[in-house]
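Notes to accompany the following structure.
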Number of protein chains: 2
Amino acid sequence: MGVYEELMAFQRDTEALAQVAGRLSWDQETMMPRGAADQRSDERAAMEAVLHQRRTDPRVGDWLAAIAEDELDAVARAQLRHIRRSHERAVRVPERLASEIARLVSRSHVIWAESRADDDFAGFAPVLKEVIALRQEEGAALAAGGDVYDALLEDYEPGAKAADLEAMFGALRPRLVALREAVLAKPQPQGLSGTFDEGGQMKLARLLAKTFGYDMKRGRVDKAVHPFSSGSGDDVRITTRTMPLEPFNCFYSTIHEVGHGCYEQNIDTQYRLTPLGAGVSMGVHESQSRIYENQLGRSRAFTGWLYRQMRDTFGNFGITDEDGFYAAVNQVRNGYIRTEADELQYNLHVLLRFDLERALISGDLLVDDLEAAWNDRFKADFGFAVDKPSDGVLQDVHWSAGLFGYFPTYSMGNVYAGCLYKALRDAVTDLDAQLAQGDTSAATGWLKENLQQYGGLYTPREVIEKASGRAPTEAPLLDYLEEKFSALYGL
Amino acid sequence: MGVYEELMAFQRDTEALAQVAGRLSWDQETMMPRGAADQRSDERAAMEAVLHQRRTDPRVGDWLAAIAEDELDAVARAQLRHIRRSHERAVRVPERLASEIARLVSRSHVIWAESRADDDFAGFAPVLKEVIALRQEEGAALAAGGDVYDALLEDYEPGAKAADLEAMFGALRPRLVALREAVLAKPQPQGLSGTFDEGGQMKLARLLAKTFGYDMKRGRVDKAVHPFSSGSGDDVRITTRTMPLEPFNCFYSTIHEVGHGCYEQNIDTQYRLTPLGAGVSMGVHESQSRIYENQLGRSRAFTGWLYRQMRDTFGNFGITDEDGFYAAVNQVRNGYIRTEADELQYNLHVLLRFDLERALISGDLLVDDLEAAWNDRFKADFGFAVDKPSDGVLQDVHWSAGLFGYFPTYSMGNVYAGCLYKALRDAVTDLDAQLAQGDTSAATGWLKENLQQYGGLYTPREVIEKASGRAPTEAPLLDYLEEKFSALYGL
């Protein structure tokens, strides 16, 4: 066995163990008895310690140093790029710090949940300060003199730089604020009436999963409080939820997670249990979930098909034609909550978090001033005031879990989806006619062929450029949103 | 931190990882998408490699050597007994052999399933020869000059010796064969009529779980093709199954797995994620599942209560009084299949396998002669001929999985249950009156108090002796069976 093969055999086990750790999280959210929480913390910590040890194993450094990279093909070099990056980052963080962070975020998550239930930001602030301090320390160790926030961002979106995002998001924000304001000055479309039974919602959710190409032989759909997808290769699971009055929540959560799940399922099988065998970044992942959910799933063409399915399943629900249904699906409403936001307003929620978390990490914003900063920014962008912390600064789990640098990947995903959709429309000329029949195969097939199959072979930016034929910019997303919502609201 | 504490911290992570590996098996049987089988093999192999590495870690040997054992208390010494045993056994087996066995049994399991479906023992024989050869090699490495079969048995029943079992089983066999023959010469009681819907069966299964003290906050009940229990501490899961015509299969499988599950749940919480925090052996485990299922669950008193529950749930099912129901629950019928056998005949199935597998491991019986040997022995003990391999030598998964030395622990469990039940009846004088009300708390409380709480603190034999007040013998089980079935069948 050559040195490269030795390294890859070791790495293959690491990847398999990472899958096991991921499945443990899935189990925790779907199946775990509630009395098992403490024990599960110990189990997860033990798995994390094993993974950390493997990522920092000195043999990995030795193997990497011993490999004659220029004799390898492009696939092998891409594997090494991932392994080197993961190893170098892991060894930069002292084990003491890594385990302190793990222990702290486990505690801070509990405190956050209590504080959110009590609508008490002051109860969360002290532990948030600790989380930020440790992540600053970790970021500094990772940055090795470079930008600390960029070093954290690198975990979720390799190669991305906050300064570039700032420019991109800076171009998005004013046009979205203006579009939002114009749309909300217009009359609202009619909404759904009646209740929608769980059985019918889950039946349609499974139909939607199938319709978008999710392979149930290599996955499963369960219910969870917060929908998510989990796993790579041949075991990619998604979850959804049902609420009697909000079937769209179930259906579009499902399509969103199916987008994530299909990306994983559609990666070239030769990459299974290797660093190339998973989605390349959070931003590219989100581009897939978003294009499935929004550009395809919320299109006039596809909602026409969905309307007919809902009529078949639920009978009359107060909307009597496809155009009215399309308007209901795409209704723009005032709201506090990011995860419930429509396509138009969603990025405004993210941009707010990006600016605040950068300032928290740089030290320009103190935790004691965070709630006021949130509320001011919210009022500025959304035009009305936050009523309580659980609708504002306490709404998201991310910061309590130490996830700084994660939020911007949501909007990067939307920007990427805009670029991809433009190219997809050029490539699949009868797209609307197909979607109107509930046939997504040309669209999802194009995404598989041009992006999903590659897994981690290219960098995030490379794969978007390759698929969309352009360097990613916010322009296609803005054009698409302005066109769609202008038409919908008669601007 | 002292040396003992260092060792225990390391061991705690090992135990946590073993729980994770166990949950992966649970997932495989209950939740895993069917297309994920190959990937799951890789994931399990990676987990096994991690566990093997930890069990053979030289630091464990160093810690064990450095600890001044006589300064420790009884609990700590018991922990060391388990750790030393596990470490010494693990280091005796070369890593090459351990991984060869893991790969082979994964393959042989598939071949066994195909051969069983085709009723073709010859298709299974070649790989069974390979399995036996590797297990012989492993047994020889473990035995270090001692008896090879005993060395394998030690994995499931520490301290047990095949020669002792031979004597015990030798005393069981003739009296069971004679009792069986006498019972089957008598008229059969009336059976159930009608079908029993899945919802009603699962509802009663959950009621039974609760009735026997299974804690649903620290466990869950799912369906699986073959019922099993899984996990220790605060996450102990059981499975059951339903068949429309056979509600007793569901109910008594459930009580059986509840017996296993309660043993794990009732271990002193201070032992959680330590070597003492799990059932001490397969035999002692089976004593708990069997006493719950048979001595308690199939008693005249408890079946009176169960009869009323079944009437409430299913209405009329052709049996109109408690005595008739008791007879139906305990019906003795000719049958080929161990897992479907009644209390009287079950051990005859096990004794057959024990004798054959000992001969296979010693080399006295060749795989090419195994099918004939099975069929001859079956005819001798059960009085009729095996009709096809899937009803005979191919019926059980164990040998295909390399599990030699496992079968006898089933009958040891029954023998232990006989001893425990005798002591339990002496201790809980109004047991029948309580069971007749569906109240198992005194009985299960006695088992928790006298046996289950100790986990691995005592050796298997010690804990049975301590709880039952006697060295274990087959006599109480035989007396119990002869008395019960003589009364039932009017012998």
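Cβ coordinates come from backbone N, Cα and C, glycine included.
Summary of the site annotation: TrEMBL records Zn(2+) binding at A:HIS256, A:HIS260. Screening the candidates A:GLU246, A:GLU286 against this entry identifies A:GLU286 as the one listed for that site.
Put simply, A:GLU286 (Zn(2+) binding site) is 10 Å from A:GLU257 (active site, proton donor/acceptor) when counted between their Cα atoms.
Same-chain neighbours of the Zn(2+) site beyond A:HIS256, A:HIS260, A:GLU286, judged by a C-beta within 8 angstroms of the site's C-beta center, are, in sequence order, A:SER229, A:GLU257, A:GLY259, A:HIS285, A:GLN288, A:SER289, A:ARG290, A:TYR292, A:GLU293, A:GLY413. Summarising the environment of A:HIS256 (Zn(2+) binding site), the number of other Cβ atoms within 10 Å of its Cβ, over all protein chains shown, is 23. A helical conformation is recorded for A:GLU286 (Zn(2+) binding site) in the three-state DSSP classification.
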